[in-house]
Amino acid sequence: MKIIVPATSANLGAGFDSIGIAVNLYLTVEVLEESNDWKIDHDLGNNIPTDEKNLLLTTLSAVLKAKNSSLSAKYHLKMTSEVPLARGLGSSSSVIIAGIELANQLAKLNLTTEEKLELACEIEGHPDNVAPALLGNLVIASTVADKTNYVSSDFPSCKLLAFVPDYELKTVESRKVLPKELAYKEAVAASSIANVLTASLLTKNLKVAGQMIESDHFHENYRASLVPELKILREIGHEFGAYGTYLSGAGPTVMLLLPDDKLNLLTEKINEQNLSGQLYSLEVDSNGLQVKESVL
């Protein structure tokens, strides 16, 4: 059995903790065989556990506990990931979705999509990454009073260009710079911008969406000092025809949305900056969670 989960890019500027898209970088978890102990083979570095301390297996345990279920066996697993760690592309969310599905398959829980999403939001705390990782495409979601509501839609046709800096930025560190509250007038403005962003994405109006993406009041202004590449790449985007540029998740990845015919030009102009990191040309993933050779 093989579980495949896409990376995600959250917030899209003003859609803070609510809007996200799935992109075509993937985490894969393969069940190899039964084993005396849980063991995960991976090449993700020494800081990532290979035993039950791994997020994949702590998630599995949390799901089993929540559903009053258990497993009679332990397994040898293989985990491979194209998703850069701690870069704002939903690496932890992809593992959480994989862990939920691993529990679903091995314990034959027959979870619905809604149940999987509720579990993911309980573990992750907010839906902006886990929802598109599960569902694919564009997802706009809200979790209030332990209930998650969402709208899923195709994303407007465009190219995605992600600059992934060489340094990590943990979400907990990136959240420390955010204010504890916003003034009422600023909150109203921030909300109205997010409303127009949502409407423009759902009506495939990327020109307006790009303007709203870059008008965020919720988080980007506070995080900009942590990711100096954001200002540089946004200016390049303005000069050479991008729809909009935003901080992906908590950063430090910077994502540009652009017309198809601007991809080569913007790639060239960004590479000329000699920034320390990698540039990825990405597409929106429309599948979300996939299971090959399901045991259900």
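The backbone N, Cα and C atoms fix where each Cβ goes, glycine too.
Feature list (source: Swiss-Prot):
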BINDING   P84, L85, A86, R87, G88, L89, G90, S91, S92, S93, S94  ATP binding site
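Feature annotations (Swiss-Prot) mapped to structure.
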{"residue": "P84", "record": "ATP binding site", "Cβ neighbours (10 Å)": "21"}
{"residue": "A86", "record": "ATP binding site", "Cβ neighbours (10 Å)": "19"}
{"residue": "G88", "record": "ATP binding site", "Cβ neighbours (10 Å)": "29"}
{"residue": "G90", "record": "ATP binding site", "Cβ neighbours (10 Å)": "32"}
{"residue": "S92", "record": "ATP binding site", "Cβ neighbours (10 Å)": "18"}
{"residue": "S94", "record": "ATP binding site", "Cβ neighbours (10 Å)": "32"}
Would you mind pulling the DSSP three-state label for G90 (ATP binding site)?
coil
